[in-house]
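Novice: What follows is a structure written as structure tokens; I'll ask about it next.
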Amino acid sequence: MKKIFESVDKTIFFVAGSITLLLAIVSIVFTEQVASVFSGIFNFFTNTLGFAYIGFALFVIVACLFVSFSKYGKIRLGGDDERPEYSNISWFSMIFAAGMGIGLVFWSVAEPMNHFMVPPFADPQTPQAAVESLQYTFLHWGVHPWALYAAVALPMAYFHFRKGLPLLVSSSFYPFLGDKALKGGFSKGIDTFTVILILIGVATSFGLGALQIQSGLEFVFHISGGTLLAVVIVIICTILFVISSTAGIDRGMKLLSNTNTVIVFAVMLFVLLVGPTLYIFNITLESIGDYIFKFIPMSFFTDANGTVAAHTGENWIGNWTVFYWAWWITWTPFVGSFIAKISKGRTIREFVLAILGVPTIMSCIWFGIMGGTGLNMELTNPGSVIQNGAVDTNSSVFQMLSNLPLSGVISVLVMLSLLVFFLTSADAGVQVVSTMSSRGKENSQKLIKVIWGVILGLLAIMFIVTGGLSAVQSLSFAFSFPFLIIICLMLAGFFKYLKKEEFDK
């Protein structure tokens, strides 16, 4: 045991684990109070500093595109003769599976339906509201989140593969702190905070994913298990993703991601063929056109005069757009670190354009098919998906599928996709926290992966059993603004060091 922990940064491992456990216990014991306090903090950020989230998300897109098309775009993440470790298909599959995860299925029908009922500009539940609902869904799941991921992944990959520094968030501070960024208390503090944010964010996602799989089983097979069923789902998934993470990326994550890509394409093709095919093509194309044409206005829009708030009766921008930017920021340490880990040998240009482009196209097609089908059902037969004037987020995708031929078969495929997304996100999370708690070494001890995997599973179970998911989610959101500042500093250090590439040649 002592030999195993020799490779572990005990400060990060024990401090991050202890603080995360303490926060989890406090959130469980004082669920309402924690939810109230941290929701208040997050509401302050969204209401007072919402412009900062909106401006920052746009800034990272510009920064990523700038470095991609500049002379630095030719630089490889590694030696000049380095080549990628993974094929393009496997690379894309792993990035997409880690970056979107369960949420892609979770919100595939639910988000378009919510915007259809309460659109920011159009009249509710009209054809124009249908187009607008997809347009804003594309905004929330398109270029912006992937630019945020790239803003963390690129500096980490550059300093690790190009400059030989540990695969840690703190390595991006090397241009400012020198060796202190590798050994000092500041760097340990940054990496400890990062691990805590990853653990809380991923565990929350596990809990939400388990609840949706539970809803699917109850909706399709009429299995009534309640909380116990959700706990059993978490236990089974924990065993599976721990096995996957200890098997390594090649035999675990890559295989799962490639499998899930096939499942996702099969689901999309089935729904496209048996659903309202012509309508899907039309509304997807029209909504993508609106998304592209209105990309800049939507990206800058803060609802300064309250017109959308007055139209919708709520802080729509804060509840949706700012909420999403904060949510994606809380996922950047985990997804960004994983993307960096698997991107050795890519050029900066290839890295940025692929990460911003390919997943965005995939997301638009996915939401166009799944969401478009649900929208058509509501326009032609109101009540097909929206039940009693409300959208059930957990079961809306299954509600939509129940109106199609062979609904049982395709629903099983969707649940299988949910399961694999669950496993890939968990696997990637374990890979990242294991690396960060092992001094940035890519090949961490298997036992360390098992320990972190069990911790994630236990956290998810605790949150589900006690009903503490909302409190922990509020806690995670409150941490988003501090990490926004960290990303700014990471990019500043990255651009500062890039200039030295001119002198190296």
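Don't overthink the numbers, they just go from 1 along the chain as shown.
Cβ coordinates come from backbone N, Cα and C, glycine included.
Here's the feature list from TrEMBL:
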TRANSMEM  12-30  transmembrane segment
TRANSMEM  50-69  transmembrane segment
TRANSMEM  89-110  transmembrane segment
TRANSMEM  143-161  transmembrane segment
TRANSMEM  193-213  transmembrane segment
TRANSMEM  219-243  transmembrane segment
TRANSMEM  255-281  transmembrane segment
TRANSMEM  322-339  transmembrane segment
TRANSMEM  351-369  transmembrane segment
TRANSMEM  404-426  transmembrane segment
TRANSMEM  447-469  transmembrane segment
TRANSMEM  475-495  transmembrane segment
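Surface or core, plus neighbours and distances: that's what I need for these features.
Specialist: Under 8 Å from some Cβ of the transmembrane segment (12-30) lie the Cβ atoms of residues 5, 188, 191-192, 195-196, 199-200, 203, 433, 436-437, 448, 455, 459, 462-463, 466, 468, 471-472, 475, all in the same chain and six or more residues away from its ends.
Sequence-distant neighbours of the transmembrane segment (193-213) (same chain, 6+ residues past either end, Cβ-Cβ under 8 Å): 12, 16-17, 19-20, 23-24, 101-103, 105-106, 169, 230-231, 233-234, 237, 330-331, 333-334, 337, 394-395, 415, 418-419, 421-422, 425-426, 429, 432-433, 436-437, 452, 455-457, 459-460, 463-464, 469, 472-473, 475-476, 479, 482-483, 486.
Remote same-chain residues near the transmembrane segment (219-243) are listed as 206-207, 210-211, 213, 252, 395, 398-399, 402, 408, 411-412, 415, 419, 422-423, 426-427, 430, 449-450, 453-454, 456-457, 460-461, 464-465 (criterion: CB distance under 8 Å, separation of at least six residues from the stretch ends).
The list of residues near the transmembrane segment (255-281) in space but at least 6 beyond its ends in sequence, with Cβ under 8 angstroms from a Cβ of it, reads 89-90, 92-94, 96-98, 244, 365-366, 368-370, 372-373, 376, 401, 404-406, 410, 413-414, 416-417, 420-421, 423-424, 427.
Tertiary proximity for the transmembrane segment (322-339) is limited to same-chain residues at least six positions away from its ends with a CB under 8 Å from its CB atoms, namely 42, 45-46, 50, 53-54, 56-57, 94-95, 98-99, 140, 144-145, 148-153, 156-157, 167, 169, 194, 197-198, 200-202, 355, 428-429, 431-432, 435-436, 476-477, 479-481, 483-484, 487.
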Novice: Taking contact to mean three or more C-beta pairs under 8 angstroms, with sequence separation of 6 or more, is the transmembrane segment (475-495) in contact with the transmembrane segment (404-426)?
Specialist: no
Novice: Which one of these stretches, 89-110, 143-161, 351-369, 404-426, 447-469, has the most C-beta pairs shorter than 8 Å to the transmembrane segment (50-69)?
Specialist: 143-161
Novice: By Cβ distance under 8 Å, which residues at least 6 away from the ends of the transmembrane segment (404-426) in the same chain are close to it?
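Specialist: Tertiary neighbours of the transmembrane segment (404-426) are 94, 97-98, 100-102, 104-105, 202, 205-206, 209-210, 212-213, 216-217, 219-220, 237-238, 240-241, 244-245, 253, 256-257, 259-260, 263-264, 266-267, 270-271, 274-275, 373, 397-398, 453, 456.
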Novice: Can you work out which residues elsewhere in the same chain, 6+ from the ends of the transmembrane segment (351-369), have a Cβ less than 8 Å from its Cβ atoms?
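Specialist: Contacts with the transmembrane segment (351-369): 61, 64-65, 67-68, 73, 77, 88, 91-92, 95-96, 99-100, 104, 108, 111-112, 134, 137-138, 141-143, 146-147, 149-150, 153-154, 157, 264, 268, 271-272, 275, 280, 283-284, 287-288, 291, 339, 343.
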